[in-house]
Amino acid sequence: MKKKMRLKVLLASTATALLLLSGCQSNQADQKVATYSGGKVTESNFYKELKQSPTTKTMLANMLIYRALNHAYGKSVSTKTVNDAYDSYKQQYGENFDAFLSQNGFSRSSFKESLRTNFLSEVALKKLKKVSESQLKAVWKTYQPKVTVQHILTSDEDTAKQVISDLAAGKDFATLAKTDSIDTATKDNGGKISFESNNKTLDATFKDAAYKLKNGDYTQTPVKVTNGYEVIKMINHPAKGTFTSSKKALTASVYAKWSRDSSIMQRVISQVLKNQHVTIKDKDLADALDSYKKPATTN
């Protein structure tokens, strides 16, 4: 299964250039960026032109958000955490990884920075917004514990139907996963994965289908997901347990839901920017963070 891209803040090198050029102007004579027959482009020329780009304010906002988050919570996100997430994507996409980066407008370094921004945002959310007992009880009503399944992802429905027929004929699920699954991250281990109800990388249709299965059962019809069709077999579906013993998992589930809520995350980022005293000095770019100053819709 391909992970859903949920990169909240995209960082662009143009924003870096914008601030660097701004600093150069205040510290030294106007330098040449380029020359041509009959003229030249100076740093001030380029800076002025750059500010007219429709995306410049967005890129500046993203850069400031990242720096504010990193200053406030950088010690809470290790390089290993970012590298592990990066390697997970790299393994998942295999030889298509560079194409994945290109399609989403990333270099390898900017993708790592975006992953770090995601982790920093999650830390900020947990620091600035707490989960109440009533919210935990609401989640408990539909909570599911960590389950382990095997799955086979196919690109078309007919292949998934054939897999189900092969299983009915007595063929081994793990063997079929190795030959028929297109999920390079799990096919070699028989398609085995474990997940909790707060998992953000799996389609809801996948999780819903899995939760309906008893140990040893598999889906009798293909399950449609974002990037194909799934056949799922339940390996371990434990009992729900008690509310008290599940509080940690319930809290994680609430935070996972909040992290996907743009209005909640807007308020969190707004508070981070306020706490870090972020101010834009250039009057032409002064409104770059205005969307974080407006009240977000309450959920």
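Here, residue 1 is simply the first one shown, and the rest follow in order.
Glycine is no exception: its Cβ is also placed from the backbone N, Cα and C atoms.
Swiss-Prot has this to say about the protein:
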type: SIGNAL; residues: 1-23; note: signal peptide
type: LIPID; residues: Cys24; note: S-diacylglycerol cysteine
type: LIPID; residues: Cys24; note: N-palmitoyl cysteine
type: DOMAIN; residues: 144-236; note: domain 'PpiC'
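According to DSSP, the secondary structure content of the domain 'PpiC' (144-236) in residues is 31 helix, 25 strand, 37 coil. For the domain 'PpiC' (144-236), the mean pLDDT of the prediction comes to 95.
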